[in-house]
Amino acid sequence: MALAQPAGRTYAAAVADLRRGWEQRTLWGHLGWQDIRQRYRRSVLGPVWITISMAVTAVALGILYSGLFDVPLERLLPHVLVGFIVWAFISGCITEGSEVFIANEGLIKHLPAPLSVHVYRLVWRQTLFFAHNLIVYLVMLLVFPQPLKWTVVYAVPAFFLLALNGAWVALAVGIITARFRDILPITQSVVQLAFFLTPIVWIYDELINSPNPAIAERARLAEFNPFLHFLEIIRRPLLGQDQQLRYWVVVLAITVVGWLFTMLVMRRYRSRVSYWV
Amino acid sequence: MSVNDDNTVTTSAPVSITTKDACVDFPIFDAKSRSLKKTVMGLVGGNIDSAAKVPVIEALRDITVSLEHGARVGLVGHNGAGKSTLLRLLSGIYEPTRGIAEVRGRVAPVFDLGVGMDPEISGLENIMIRGLFLGMSRKQMDQRVDDIADFTELGDFLRMPLRTYSTGMRVRLALGVVTSIDPEILLLDEGIGAVDAAFLEKSKQRLVQLVERSGLLVFASHSDEFLRELCDTAIWMEHGQIKMQGELNEVLRAYKGLPA
């Protein structure tokens with residue numbers, strides 16, 4: 001610890017921020033748990049509420065849309081459920097990421113901690129939520145068994161990629177909103193809109209193979225939605241469906257480009273965040 | 001070399017803070033620049049430069065300090081002279097907008113006793129969290145928790161959520177944690193009130209011990225008594241600039257406007 005930390009607008013300082021933040025994992029690990037326990041303090045069931053509310057939403061929407069779209073429940077419900085669990089993670093990282101530094105103003109102004117600490121805490125908290133929600137998935141497997149194959153292990157690297165992307169999005173969007181507060185409501189609306197544009201309650205394959213050529217044609221537009229790719233790399237293995245290479249390629253490309261962009265933002269504006277919040 | 005109470009031997013690395021012509025400018029995005037046409041220079045606060053599109057408060061200007069291991073520096077100045085901002089510059093929270101600031105060593109900033117405290121969780125849990133924030137490990141805090149509990153005299157209240165505490169009790173808890181750590185660089189901003197006299201005497205001792213353990217101290221205070229007890233040199237801040245730097249009594253005399 002004797003060496004001076006690189007400072008200023010350099011890549012070394014940006015990388016050092018990420019590294020030093022990672023070294024403080026006892027701190028953010030503890031805080032992430034604390035956040036969860038905190039939210040359900042004094043409630044009898046505690047964090048089990050995360051699991052229950054996810055189950056209720058997914059089952060209710062599964063039943064509703066299976067009726068509306070005339071898709072069998074045993075096909076739609078698992079689809080909606082896994083989609084919801086993954087979406088909760090994605091949207092959590094983005095919406096909370098957009099205020100990650102604003103919300104931690106007090107800590108940022110009083111403690112010389114690396115910025116990345118707050119982001120790691122956020123992603124860790126969302127990971128814990130995700131783990132709670134996986135219980136619903138496991139119960140669903142008992143009710144509606146899925147044709148799981150060994151490919152289910154792909155869900156692990158897929159989730160890792162999701163978390164990796166959650167981190168850069170939170171860092172980049174967090175820094176930008178700290179400076180331009182108008183981005184905050186914009187981000188929230190975009191995420192809300194993205195929920196409907198992403199095949200969570202509707203099934204992409206059904207539309208692509210629709211007998212109506214116009215609908216099939218239009219459905220292809222969904223490929224432009226980056227969230228579709230993130231969702232598919234993890235939902236497909238979890239439901240025993242075949243992998244598609246292009247989803248992984250797109251996600252990897254976004255991961256690389258996203259982190260490059262974030263390092264640029266970090267290099268230039270990391271040291272400004274404590275002035276802006 | 002020093003031996004800590006947990007029997008780990010730490011080689012005292014060169015602890016230092018060096019700044020050269022460091023400036024801290026705050027952009028104020030929500031102030032209407034039109035209403036601040038002129039550069040305001042009052043007795044209170046830094047300079048406000050409104051020529052730019054976004055008004056900027058020059059909180060610190062041309063700060064050049066060189067503090068080595070063993071330094072015990074007091075910080076004096078009017079409200080808004082830049083003492084707290086200087087402490088944040090020295091801790092690395094604000095990186096200078098211009099100039100250089102280099103901090104070597106683990107910094108324990110104690111600006112606000114309440115920061116990082118969560119009202120909904122118990123006193124014991126808060127002790128752990130506050131300690132982690134100050135750069136301690138979980139193990140180190142486990143070793144200290146009994147000592148802190150004794151010091152605070154809060155007894156069974158430590159198992160109650162912090163929101164049930166009175167202000168004085170919170171201060172006790174915070175002081176207990178803060179004075180239990182082993183900082184390399186200790187930055188103290190005053191703000192110790194609301195404790196009864198007996199407790200204040202007790203915490204003073206601990207504060208003195210804490211300062212002795214730390215490699216480098218910068219202490220902002222309005223209390224001459226406290227400054228004399230903890231510091232030997234001083235920096236006098238005015239309008240975001242260093243007005244005088246030197247031996248404590250000399251600086252205090254000049255600051256009070258007394259003849260040397």
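The backbone N, Cα and C atoms fix where each Cβ goes, glycine too.
Just so you know, TrEMBL annotations are computer predictions that nobody has curated.
Per TrEMBL, the features are as follows:
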DOMAIN    A:28-235  domain 'ABC-2 type transporter transmembrane'
TRANSMEM  A:44-68  transmembrane segment
TRANSMEM  A:80-102  transmembrane segment
TRANSMEM  A:122-144  transmembrane segment
TRANSMEM  A:150-176  transmembrane segment
TRANSMEM  A:183-204  transmembrane segment
TRANSMEM  A:245-266  transmembrane segment
Long-range Cβ neighbours of the transmembrane segment (A:245-266) (under 8 Å; 6 or more residues past either end): 11, 14-15, 17-18, 115, 158, 161, 164-165, 168-169, 171-172, 175-176, 226, 228-230, 232-233, 236
Quickly jot the same-chain residues contacting the transmembrane segment (A:80-102) by Cβ under 8 Å, restricted to those at least six beyond its ends, or write none. 54, 57-59, 61-62, 65, 108, 115, 118-119, 122-123, 125-127, 129-130, 133-134, 136-137, 140, 162, 165-167, 169-171, 173-175, 177-178, 181, 183-184, 187-188, 191, 194-195, 198-201, 227, 230-231, 234-235, 238-239, 273, 276-277
When you scan the chain for residues with a C-beta under 8 Å from the transmembrane segment (A:122-144), skipping those not six or more beyond its ends, what do you find? 28-29, 32-33, 35-36, 47-48, 50-51, 54-55, 58, 74, 77-78, 81-82, 85, 88-89, 92-93, 96-97, 100, 159, 163, 166-167, 170, 238
